[in-house]
Amino acid sequence: MELQGRHLIDPNDLTLEEIQTIIDLGLKIYNNPTNYAELCKGKILGTLFYEPSTRTRLSFESAMLRMGGSILGFSDASTSSVKKGETVADTIRVMDDYADILVMRHPREGAPKLASQFSTVPIINGGDGGHQHPTQTLTDLITIQYYKNEINNLKVAFCGDLLFGRTVHSLLKTLSRYPNMSFILISPPELKIPYHLRDEILQNHNVEIIETHCLETYMPEIDILYMTRIQKERFFNEEDYVKLKDSYILNREKLQSAKEDMLVLHPLPRVNEISYDVDQDPRGKYFDQAKLGVYVRMALMALLLGVVESC
Amino acid sequence: MELQGRHLIDPNDLTLEEIQTIIDLGLKIYNNPTNYAELCKGKILGTLFYEPSTRTRLSFESAMLRMGGSILGFSDASTSSVKKGETVADTIRVMDDYADILVMRHPREGAPKLASQFSTVPIINGGDGGHQHPTQTLTDLITIQYYKNEINNLKVAFCGDLLFGRTVHSLLKTLSRYPNMSFILISPPELKIPYHLRDEILQNHNVEIIETHCLETYMPEIDILYMTRIQKERFFNEEDYVKLKDSYILNREKLQSAKEDMLVLHPLPRVNEISYDVDQDPRGKYFDQAKLGVYVRMALMALLLGVVESC
Amino acid sequence: MELQGRHLIDPNDLTLEEIQTIIDLGLKIYNNPTNYAELCKGKILGTLFYEPSTRTRLSFESAMLRMGGSILGFSDASTSSVKKGETVADTIRVMDDYADILVMRHPREGAPKLASQFSTVPIINGGDGGHQHPTQTLTDLITIQYYKNEINNLKVAFCGDLLFGRTVHSLLKTLSRYPNMSFILISPPELKIPYHLRDEILQNHNVEIIETHCLETYMPEIDILYMTRIQKERFFNEEDYVKLKDSYILNREKLQSAKEDMLVLHPLPRVNEISYDVDQDPRGKYFDQAKLGVYVRMALMALLLGVVESC
């Protein structure tokens, strides 16, 4: 398997074929988990969380345990040797003896990349600063695949904080590599997608982008609505925030004009940008998305570890 | 098994027959642990500790590991998504994908109850504020069963802080459901059992209650002496504390007038309310109690998971 | 096996024959790990870290997981019952029900010794204050055995902080029990080995000691160079520190006069006392040392647990 022994730092490390391999295996495991319950027996996942992230860490840990493997690690840099001034490179050269695969979350951009240059075992980037979070992107993609059958010819709207949102940037860049995609970028002017990213996507790919500040206008056309959290502190003044905050709360009323089979996704945690009344709407798939995230991580780790011959 | 898929939030969630089922299975496992060493193979316990409690957490973790299952979770809310403002309901809807059974400790009363309304897997209350701690009660009950053979016709004394002690309230309410029980409540006046609880027990059940401030008076009659810690800060003035503190320290001398087969129990941690010289007395069973607590938790989880056909 | 059920608090608890038994088993596991992958199935390691030490904790956890066992514990006293005022003795009497073997790191000298007096399961000292760290010594010894084939007739240099370094004291005392050893102690005058330790070694053993402040003088004679970190705050004045700090940084240039088969060891974490250019030199064995540390801990735990009949 060509993925064996590789690292995953950036979604761009993977070809679309490789992504498809991971997604397909993830869905196979999802449909028949007992077949894979011993796949990683004797394997150890090391979780190196230099900043806390319960959800990402536990998703990986659950994925490894559900394949019969074991877990060790730390969930907080304050209890790690980093306090004694050790470099990431040195930590990795020890940790790769303790575990067979490592997932690293780090507040500094590029730390997992650096780690991968010193590790003898696969390193997965579990989020580095505002930079990349490739397994969130894989989670988003497996969810789209599961509900839409293929990732092709879709109108995907991103709503909320498009300026700082690492998740949005990663997914947007990756989706723009797929055929026939168009994007609706919904945000207040203060939180628009960075120019360089928009230009990168537009120049390199045959995609369509619409930028708007209004959530409702394009609702009837959207296939996938990807919501993100807007943080009050990102606004320049209180007045702007008060004016805008309600426009970006998705509720059941606003969903009335949407397609029957639109998907509402969210990387979670949700604060108040999706009302609780959407939870009962069949279009709200954000919790299913979190669940599928476990399976895509199972597939990813199994492939990087080389414990499956083929998918 | 009728316990499969259920939650345990409050000891009152269980009938006396159900409690007996759990205790009987716990003792069977205690007597022959190797028979049950693979009972939970492939199952994952998630420990959601929004406030630290090493003893309770590790007791559950040991219980799951000793049945061949796995564990994941967090031991401190400061490393969890709660910091980002996520509700308990949302956290549970993700966590129930990561684990097959969850134990939750939370500083807020009612949080585990709320969690159980959103969870697709069994939730066990591992202590919520000053409210309930049902597996401590099960631990107390299995210990009484083990040493007294049945929970019937016993004179049980509770000594120490009866006003704030969650453990005492839970056990007292549960024991009052058993036949022919009588209770001696020993505390300083400032730390008497709350009226409403006393009245609830007296009105609903055919039990006898004696309230006293003296540890020694009834010593010769007691079958089970349940000690708790008295915290200095609970007293209204230093003088009262100094006056009383020594009366509630159990030592070997005070045990001289007690029955040969009286049990001394304590939920632990003990600070100084039981002298170390009692540790060597065969009546001191508080460490055996902690040990039996692992087995009753094994039984409880096995039954909630439905991995045993019958006990 | 005579090691079954024993504690390891101080390297002196072990005879040289017992150390050899542990090392030999460690190397057997290293050479054929799959033979031992189920050795500790059903066994639980409890990690009681009253102060953080990621490296030591994870090395033990990896060792237990690689033998098919399980792990539980705490990595920080702030989340343990110690906060409620419980004594180490009481904590141990509960923890020994939760696990089959315990490793304890504690800031207070003697705490693991005390714990061992109350525990019904083996206790391993994972470091107590500035006192002992016996599994680091075993790690150092297995590395010397691996690369030198026997621990005999070696010239071992220790360089850096010889006054406060627990690791150095432990290893030096243990090596001085082996035949035909000589030691070169390289440090600034402020950080010389304590008199009592030097005298103890010189009086009790037929060993040779040279004390010097110069790293280069004896370089050509050294078989093993054990580097340690010099902490700026240990110096009496800035001037002395600036003067000395560079003399104790090992780099490739200084290695030119050394034997081809000299070993450079370091307990890690390294800060800057070994330049990164030494990492590529075949003599730099500090990361191999960390790796071998996992295997010697596997052997130690297997023997204390009595799960191997003979080595």
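Here the Cβ of each residue, glycine as well, is placed from N, Cα and C on the backbone.
According to TrEMBL, the domain 'Aspartate/ornithine carbamoyltransferase carbamoyl-P binding' annotation covers C:6-145.
The carbamoyl phosphate binding site annotation in TrEMBL covers C:ARG55, C:THR56, C:ARG105, C:HIS133, C:GLN136, C:LEU268, C:PRO269. Its own atom aside, the Cβ of C:ARG105 (carbamoyl phosphate binding site) has 25 Cβ atoms within 10 angstroms in the protein chains shown.
Per TrEMBL, L-aspartate binding site is recorded for C:LYS84, C:ARG166, C:ARG229. Non-local neighbourhood of C:ARG229 (L-aspartate binding site): C:GLY160, C:ASP161, C:PRO269, C:ARG270, C:VAL271, C:GLU273, each in the same chain, at least six residues away, with C-beta under 8 Å from its C-beta.
Across all of the domain 'Aspartate/ornithine carbamoyltransferase Asp/Orn-binding' (C:153-304), the predicted model scores a mean pLDDT of 91. The domain 'Aspartate/ornithine carbamoyltransferase Asp/Orn-binding' feature in TrEMBL is assigned to C:153-304.
Comparing the Cα of C:ARG166 (L-aspartate binding site) with the Cα of every entry in C:ARG55, C:THR56, C:HIS133, C:GLN136, these being the binding-site residues, the smallest distance points to C:HIS133. Broken down with DSSP, the domain 'Aspartate/ornithine carbamoyltransferase carbamoyl-P binding' (C:6-145) shows 71 helix, 25 strand, 44 coil. Under the DSSP three-state reduction, C:ARG229 (L-aspartate binding site) is assigned to coil, being neither helix nor strand. Sequence-distant contacts of C:LEU268 (carbamoyl phosphate binding site), defined by Cβ-Cβ distance under 8 angstroms and a gap of at least six in the same chain, are C:ARG55, C:TYR286, C:GLN289, C:ALA290.
In sequence order, C:THR56, C:GLY127, C:THR167, C:SER170, C:LEU171, C:PRO267, C:GLY293 are the residues near C:GLN136 (carbamoyl phosphate binding site), counting only same-chain partners six or more apart with C-beta under 8 A. Note: C:ARG55, taken in sequence order from the binding-site residues C:ARG55, C:ARG105, C:ARG166, have a C-beta within a distance under 8 Å of a chain A C-beta. Taking the centroid of the Cβ atoms of C:ARG55, C:THR56, C:ARG105, C:HIS133, C:GLN136, C:LEU268, C:PRO269 as the carbamoyl phosphate site, the other same-chain residues with Cβ within 8 Å of it are C:SER53, C:SER59, C:GLY127, C:THR167, C:PRO267.
Around the Cβ of C:PRO269 (carbamoyl phosphate binding site), the number of neighbouring Cβ atoms within 10 Å comes to 19. Of all the binding-site residues listed (C:ARG55, C:HIS133), C:HIS133 sits in the most crowded Cβ setting, with the most other Cβ atoms within 10 Å.
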